[in-house]
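What follows is one structure encoded as C-alpha cells, with my remarks underneath.
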Amino acid sequence: MAIAWGTVPSLAPVNLKKEGLQVVKEDHLSAREQGVKLQGNGTGFRQEPLCKRFRQLRYEETTGPREALSRLRELCRQWLQPETHTKEQILELLVLEQFLTILPEELQARLREHHLESGEDAVVFLEDLQLELGGTGQQEDPNQAKKQEVLMEETAPGKATPERQVQPEGDVPQPEREKGEAKRIENGKLVVETDSCGRVESSGKPFEPMEVHYKDSNLDRQQAEPKEKTDCKCSEYGQAFFQHSDLIKHESSHRKEKLCEAEVCQSLSLPGHQKICSREKGHQCHECGKAFQRSSHLVRHQKIHLGEKPYQCKECGKVFSQNAGLLEHLRIHTGEKPYLCIHCGKNFRRSSHLNRHQRIHSQEEPCQCKECGKTFSQALLLTHHQRIHSHSRSHQCNECGKTFSLTSDLIRHHRIHTGEKPFKCTICQKAFRLNSHLAQHVRIHNEEKPYKCNECGEAFRQRSGLFQHQRYHHKNRLA
C-alpha cells in the first residue's frame, strides 16, 4: 500500500502502542524561525521592514554594549515613529506585528502584500479571504504545525503474530535512512519504507493490511482529496487541481487577462482602471453607493461618513481618517517629494502627480469627451463630466428640489439647509461647512502663503488673490 505524503518530511522513530502504530514527526523549523523568515522579502533598504532590522540586530555587529543599546533605540524609533504616532497607534503596531508572526505561512504571505494599518483591518481581510475561498482554506493551528501525528492501526488485530516487533531506528543503516527512512517487514519484523518522493510503502507477507488515520488538518485534507482531480477543474482550459484554493488562484489569472470591454478601458493611460475591472466589487457602501473589492476597504471608507478622524497633524492640527492620509500630508511641512521622474528628474509629493506628469513624456492621449471634445487627465474626471451630457441627476434635495449628479454634492448642499458645519478649527474653534474653507482658514494661523507670483515673487494665501494680482501685471504689460 502506497500513501502520498505531499510535503511531509522524513519520519521520526516508530513507536508501538496499544491501539496500533504511531509515527510522530517534528517540523524542522520552529514557529519563531518561521515568523522571522516571513517578516519580508524586500532586498532594498526601503523595502526591508523596519521591525525586522530591529528584531534581528546582533551584538556582534556593534563595537560594544553602549553602541548596541543606542542602535536598538534608533531602530525602534524608526519603526514605531513616536513623534508621529500616538501610544494607541504604537500599541497597535506591536500587536499587528505579533499577530502576523503567529499566523500560518500562506496567510502571512498574503497579508504582507497589503499594507494594513491595524489588527482590525487584518482580521477583516482574513474573514473576507475565507469567504472568497468558500470555506475550503481551513486555518491551521500553529501548535499542530509543530507536530504531525500519523496513527496506523491494523484492520485485523486478531491475525497479528506475536513474533512481530518494531525494528529500532538505530538498526537501520545510515545511508538507507538518508534516502528516506527505509524500513520494511522481513521475517516478522516491521520496516517502514519512504522513498525520495515522500511515499511510504509497507510490504511483506507476514504483515497485515493497516488503516491510516491523520490527526493533522493538512494531512486530512490531502487524504480526503479524490484520486482523480475532477472536482477542482478549470472551466476554460480543463486543467485540474487537488485543492480548491489552487483552482481559485489559477482562475484569478484568467480574470486579469480579461480586461473590461468598456470604452474607457481602451485608453493606454488607464492601467489602474483595468486592474479594477479584473475583479468584482461585491462590497457596497449604503451611504453613497460606492463599491469595493474587499470588505476591509469598505470599513476604511465608512470612516468618512462616520466623521471618524483619529489621525491628527501636530504641525497644523489637520485631522485624517486614515494614517496614510496623515503621512502624505506631513510631506507638505517637511517638503519631502519622494517620487522622482526618471525622464526629467522632477520630484513630486504624490505618486498620482508623478503618473499625471509622465504622460507628458510618454505622449499619451488624454481622456476626451466625445460629445464636446473636452479632455481630462483622468478617466474619473471624464466620467463625472459625461453626466452633464447624459443629464443624469438622480440625487434630489428634499428641501428645495434641486438635483445633483453626485451623492457627495447633495450631502454638501444639505448643509445649507441644516446649517451644519462639521469642520472645526482646532486653534480658534471656528466651524466651516466645507473642508476646503477650513484649509484656507488654517493658513491664517500658520501664516502660510502657498500661491506665489512667478514675476515678482509675492505670495498669497488664496488662489483668487494670486489671480487678481496677475491681472495687475497683465494691465501693466498692455500699458
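Any Cβ shown, glycine's included, is placed from N, Cα and C.
The compositional bias 'Basic and acidic residues' feature in Swiss-Prot is assigned to 174-187.
Secondary structure of the domain 'SCAN box' (51-133) per DSSP, as helix, strand and coil residue counts: 63 helix, 0 strand, 20 coil. The domain 'SCAN box' feature in Swiss-Prot is assigned to 51-133; the stated evidence is sequence analysis.
The region 'Disordered' annotation in Swiss-Prot covers 155-187.
Taken from Swiss-Prot, the feature zinc finger applies to 232-254 (among others).
Under the heading zinc finger, Swiss-Prot lists 283-305 (among others). Per DSSP, the zinc finger (283-305) is made up of 11 helix, 4 strand, 8 coil.
For the zinc finger (311-333), the model's average pLDDT works out to 85. Per Swiss-Prot, zinc finger is recorded for 311-333 (among others), and the stated evidence type is sequence analysis.
What Swiss-Prot lists as zinc finger is 339-361 (among others), and the listing cites sequence analysis.
Residues or ranges marked as zinc finger in Swiss-Prot: 367-389 (among others).
If you look up Swiss-Prot, you'll see 395-417 (among others) marked as zinc finger, on the strength of sequence analysis.
Among the features that Swiss-Prot reports, zinc finger is placed at 423-445 (among others).
Mapped onto DSSP helix, strand and coil, the zinc finger (451-473) counts 11 helix, 4 strand, 8 coil. Per Swiss-Prot, zinc finger is recorded for 451-473 (among others).
Residues 287-289, 384, 387-388, 433-434 of the same chain sit 6 or more residues outside the zinc finger (395-417) yet have a Cβ under 8 Å from a Cβ within it. Per-stretch counts of Cβ pairs under 8 Å to the zinc finger (451-473) identify 423-445 as the leading one among 283-305, 311-333, 423-445. Below 8 angstroms of C-beta separation, residues 84, 89, 117, 300, 303-304, 349-350, 425-427, 439, 442, 445-446 of the same chain, each at least six residues beyond the ends of the zinc finger (311-333), sit close to that stretch. Under DSSP, residues within the zinc finger (311-333) fall into helix, strand and coil as 11 helix, 4 strand, 8 coil. Secondary structure of the zinc finger (395-417), assigned with DSSP and counted as helix (H, G, I), strand (E, B) and coil, comes to 11 helix, 4 strand, 8 coil.
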